[in-house]
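Per Swiss-Prot, the features are:
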type    : residues                    : note
BINDING : 9-10, 14-17, LYS46, 113-120 : CTP binding site
BINDING : LYS44, LYS77                : substrate binding site
Amino acid sequence: MKKVITYGTFDLLHWGHIKLLERAKQLGDYLVVAISTDEFNLQKQKKAYHSYEHRKLILETIRYVDEVIPEKNWEQKKQDIIDHNIDVFVMGDDWEGKFDFLKDQCEVVYLPRTEGISTTKIKEEIAGL
């Protein structure tokens, strides 16, 4: 079985997230999604609208997602690859090159972002109403 992993906050889930998850799943048989915990978001000074538990619940209902795990810190990725027997590490191309150090453990793929949609854009548009 070919296993794929991706990481993100996945707050205010939108069709760009769904397209990323769909394309990530197409790279293997089993997709693990690591989502930032509330504590990790605080460390990153990133505010999420939904709590970790609510984001996890939402992601677990998506047909492309086989497993959801917590992302607690930047450093855990190497261990996650080992612990979950990962073959492919996937991120959006806004992270291009940042995870190349993982190439000795698995294939690293940067997928193009979906044009015209982002959580930041949604938040800005809602704030402008």
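Any Cβ shown, glycine's included, is placed from N, Cα and C.
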Just to confirm: which same-chain residues, 6+ apart in sequence, have a Cβ under 8 Å from the Cβ of HIS14 (CTP binding site)?
ILE117, SER118, THR119, ILE122
How many other Cβ atoms are found within 10 Å of the Cβ atom of THR114 (CTP binding site), counting all protein chains shown?
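Around the Cβ of THR114 (CTP binding site), 16 other Cβ atoms lie within 10 Å.
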Among the binding-site residues THR9, SER118, THR120, which residue has the largest number of other Cβ atoms within 10 Å of its own Cβ?
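Compared across THR9, SER118, THR120, the most Cβ atoms within 10 Å surround THR9.
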For a quick check of packing: other C-beta atoms within 10 Å of the C-beta of LYS46 (CTP binding site), how many?
11
Whole-number answer please: how many Å between the C-alpha atoms of LYS44 (substrate binding site) and THR9 (CTP binding site)?
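So the alpha carbons of LYS44 (substrate binding site) and THR9 (CTP binding site) sit roughly 11 Å from each other.
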Least buried of the binding-site residues LYS44, LYS77, going by other Cβ atoms within 10 Å?
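Checked LYS44, LYS77; of these binding-site residues, fewest Cβ neighbours within 10 Å: LYS44.
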Taking the Cβ of each of the binding-site residues and counting other Cβ atoms inside 10 Å, which one has the highest number: GLY16, GLY116?
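Checking each of GLY16, GLY116, the winner is GLY16.
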